[in-house]
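Undergrad: What follows is a structure written as structure tokens; I'll ask about it next.
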């Protein structure tokens, strides 16, 4: 095929990584939902009643297990009580009384993503949706699978439209009633307890209406009915004020009081003691007011069950009690009562049993027998029915898998023959129950249930080896293809031709045809065909351009001839891999607080200029010192806590640094740029004044952002909500600061320092508005370090070029033709040099700084580590997509800054456009492939969430780098470096004569080649490498 150019390569990189990023969801997180199963319930004697006639489910959205049971100072003492009294009390006395005297309790462990939709689906359907379902709860997406609500005779529900609507629309028409409040009252900055009191009041209204409505009264008195109270107040309060705040703790008191009132109301209405109550939460809440990832604070929720059919508390006399060994509940004061932990999906099975319903057909929850008060026979029958439901799901999934594959290998423990057959297992358990033996059937049902889950797991992962092999070859093929393309475009300058043979064409075509035939027979989705096509395309291209790899090796490593040369090259390779592995080590640490590897790297990096000798440091003392200071300051941010508390003083310090930096540049711009003139435009007094006016407006926006942010924070902290005027001004500053830079086109100043200052001031207001702590300080230090890096890399480039010219006679580089090439940028033709091994260091530095831009203010686990408090200054009501967009905007700002700096560095080092970006994309997938094999879909919830984030961040990094390349083109279009750098090139020429210039052009070429190239080109000295007016 035709050789891809720069933009073709970048486009291919984006498409490939976007498609392959989705591969983990086709491999690790395939939806477990199947259809066509029959339902199972407990088979009772005719006339026998279910454990309860009705079920009441309370879900306290966002309630952490520890906060529900821990004692704490009263956050809202009653009138007449001492407000200064800090004696701890139990915030949920009614719930606690159920634990102590009436029911069974434990901790319900959720899975990632710890969001409302997946949590409620697990609770009510017994199903763990695949991870990609996280955002489906942000809009109406009916649950297209069975649930406890769907199995009920009728369900009444009250609460948030985000949860209730999806269960109502997904159930049998008319089976679920949903009474929902409007989304506009979900205001994170106001008193969220009103969301819960609204629900409690609506429940009271329903039962009050039944007294005068015989039809409603009759419906309420039927059996197998469910009442669902979704209590969103705690989640909203936790986001706005965090779970250790007085507001959150007060909300717990409100919920407890409301639950008591509703429980009493229902008991009095029916008067038959035939109601079962379940109190739990869909997910927890982290200390920084977020959820979504697998942190234990997000995955551990309370579970308290009481009422009809529920076992009472199990006390022991001075003996250790099972369930408290982990120490998590040590300060709850419940050590004398047995704690029964469950998986969240188990709650669905428990509710179905208590209400006398069939188990939801997609449920993987195991009935927790410790929670039920029943005879041994009833428990044995319930355990059997629960197991039959899961086995039915296994039977249907296996039949589907068997029909789709060319050759199917059955799951041996449940193979359809002899003693292992499902029917044989069920028959044996039924015989034992009929003979009056119950303990053994319960054990066997539990073992068979676990085997059935293993069988489902076997079917779920059946295609893993096949798919992971394809994906692995795809990533390895991309790495090889990318390196080949970089060598072809930027080392050989397209002088090597592709060469295919008949044999190779037949070989690769045959593999593709065989692969597609298998996929077609198995009726695979279209993504599988794309997954398979990429590795074949990449490896075929690498084979066809194998001569480019050989020629590139001779140019890049041809100078390594002696033993000492091999030792030096090996040492450089070890150092390169060590830094890359250090980044990998950072990701492999399964914790939120171990970012110190970046601190170590920055400290070591501060000594980097010394590697070029004392003479270099002496010539660039200020630059080297600034770099050391920048690295030292950057190293401190990864030592600061990830969990940040809103601190207006820290926000102010960062904003003032931004403001005074812009003001200083505005006042002394002529002095700073006095040695520079734009080669493309010589601004006069009017244009200079216009440029200063626009920049002055940018500086003013920084100050206005600080003022409105301080005002908004004060109002929000005082619980007065967000004033409308503040919201308007905040949005005005955000939008205006991003629009103002475009007016600089009217009065252009093309110096690269001026361009970087414009970018710095462009994003400063956004960073101020969306920061809650030290992020503004980080932004200032990060920008300072990047500018220093660009100048330092250029200084090293000039210094090493001058040194190689001085010692040209001893140059060990083999004599190769000087492959100087040209490119048209901004309508002008520029010459550029080919890449060398030293440029991989630049790519590695960029790679490291790119990651530090994210991890210096947060953790890798998920965006949930970034507080929502800053977003409330612009959007105080629940709007997940808009709020997430603002958080992502804040995360992307440092990346935009670094892209501009690398684009400038690309030109200062006189390499072709995109050359350095392409090198970065070539090496980044070493990390991506590492994380691909680290992805887990089982184990601890923290592990699952963290590994998903690892892979996606690494995978999108390459895509993001491609996007940054295009962004940098916009930012540095027409940029000029002034005559100072031209003077540097001239000084090299003056020092070493005519050879210096071409050495700078092509540091890999020997002096004779440089001279020949110069003569052939008809150019002199540094003019051989004209770029933006001849600058180096």
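Placed from the backbone N, Cα and C atoms, the Cβ positions cover glycine too.
From a predicted model like this one, the values you see are computed outputs, not experimental measurements.
Residues annotated as N-linked glycosylation site in Swiss-Prot: 150, 435, 810, 820. Residues or ranges marked as region 'Disordered' in Swiss-Prot: 994-1032. As annotated by Swiss-Prot, topological domain 'Cytoplasmic' applies to 1-6, 490-500, 545-564, 618-622, 669-688, 744-766, 863-884, 936-951, with the evidence given as sequence analysis. Swiss-Prot lists 28-468, 586-596, 644-647, 710-722, 788-841, 906-914, 973-1032 with the feature topological domain 'Lumenal', giving sequence analysis as the kind of evidence. Annotation source Swiss-Prot lists transmembrane segment at 7-27, 469-489, 501-521, 565-585, 648-668, 689-709, 723-743, 767-787, 842-862, 885-905, 915-935, 952-972 (among others).
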Undergrad: Report yes or no: does the transmembrane segment (7-27) come within contact of the transmembrane segment (915-935), defined as 3 or more CB pairs under 8 Å with a sequence separation of 6 or more?
TA: yes
Undergrad: Other Cβ atoms within 10 Å is the metric here; tell me which of the glycosylation sites 150, 435 scores highest.
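TA: Output for this query is 150.
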Undergrad: Count the CB pairs under 8 A between the transmembrane segment (689-709) and each of 648-668, 723-743, 767-787, 885-905, 915-935, then give me the winner.
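TA: Between the candidates 648-668, 723-743, 767-787, 885-905, 915-935, the best contact partner of the transmembrane segment (689-709) is 648-668.
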Undergrad: Taking 469-489, 648-668, 767-787, 885-905, 915-935 as candidates, which has the most Cβ pairs under 8 Å with the transmembrane segment (723-743)?
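TA: Counting Cβ pairs under 8 Å, the winner is 767-787.
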Undergrad: In Å, rounded, how far does the Cα of residue 150 (N-linked glycosylation site) sit from the Cα of residue 435 (N-linked glycosylation site)?
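TA: Each residue's Cα considered, residue 150 (N-linked glycosylation site) and residue 435 (N-linked glycosylation site) end up 35 Å apart.
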Undergrad: Counting only residues 6+ away from its ends, which parts of the chain sit with a Cβ under 8 Å from the topological domain 'Lumenal' (710-722)?
TA: 187, 189-191, 247, 646, 648, 651-652, 730, 869, 872-873, 876
Undergrad: Below 8 angstroms Cβ to Cβ, which residues of this chain, lying six or more residues outside the topological domain 'Cytoplasmic' (490-500), approach it?
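TA: Beyond its ends, the topological domain 'Cytoplasmic' (490-500) has Cβ neighbours at 3, 540-541, 543-548, 551-552, 555-556, 819, 821, 834-835, 911-912, 915, 918.
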Undergrad: What is the number of residues in the topological domain 'Cytoplasmic' (744-766) that are helix, strand and coil, as DSSP sees it?
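TA: Within the topological domain 'Cytoplasmic' (744-766) the tally stands at 18 helix, 1 strand, 4 coil.
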Undergrad: Going by DSSP, is residue 435 (N-linked glycosylation site) part of a helix, a strand, or coil?
TA: coil
Undergrad: Near the topological domain 'Lumenal' (644-647), which same-chain residues lie under 8 Å Cβ to Cβ, leaving out any that are not at least 6 residues past its ends?
TA: 242, 288, 713, 717, 772-775, 867, 869
Undergrad: Across the topological domain 'Lumenal' (710-722), what are the DSSP residue counts per state (helix, strand, coil)?
TA: 8 helix, 0 strand, 5 coil
Undergrad: Under the DSSP assignment, what numbers of helix, strand and coil residues are found in the topological domain 'Lumenal' (644-647)?
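TA: Reading the DSSP string over the topological domain 'Lumenal' (644-647) gives 0 helix, 0 strand, 4 coil.
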Undergrad: Count up the helix, strand and coil residues in the topological domain 'Lumenal' (906-914) according to DSSP, in that order.
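TA: Going through the topological domain 'Lumenal' (906-914) residue by residue, I get 3 helix, 1 strand, 5 coil.
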Undergrad: Going along the chain, which residues at least six beyond the ends of the topological domain 'Cytoplasmic' (618-622) come within the CB cut-off of under 8 Å?
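TA: Non-local partners: 609, 792, 795, 799.
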Undergrad: What does DSSP give as the helix, strand and coil breakdown of the topological domain 'Cytoplasmic' (490-500)?
TA: 1 helix, 0 strand, 10 coil
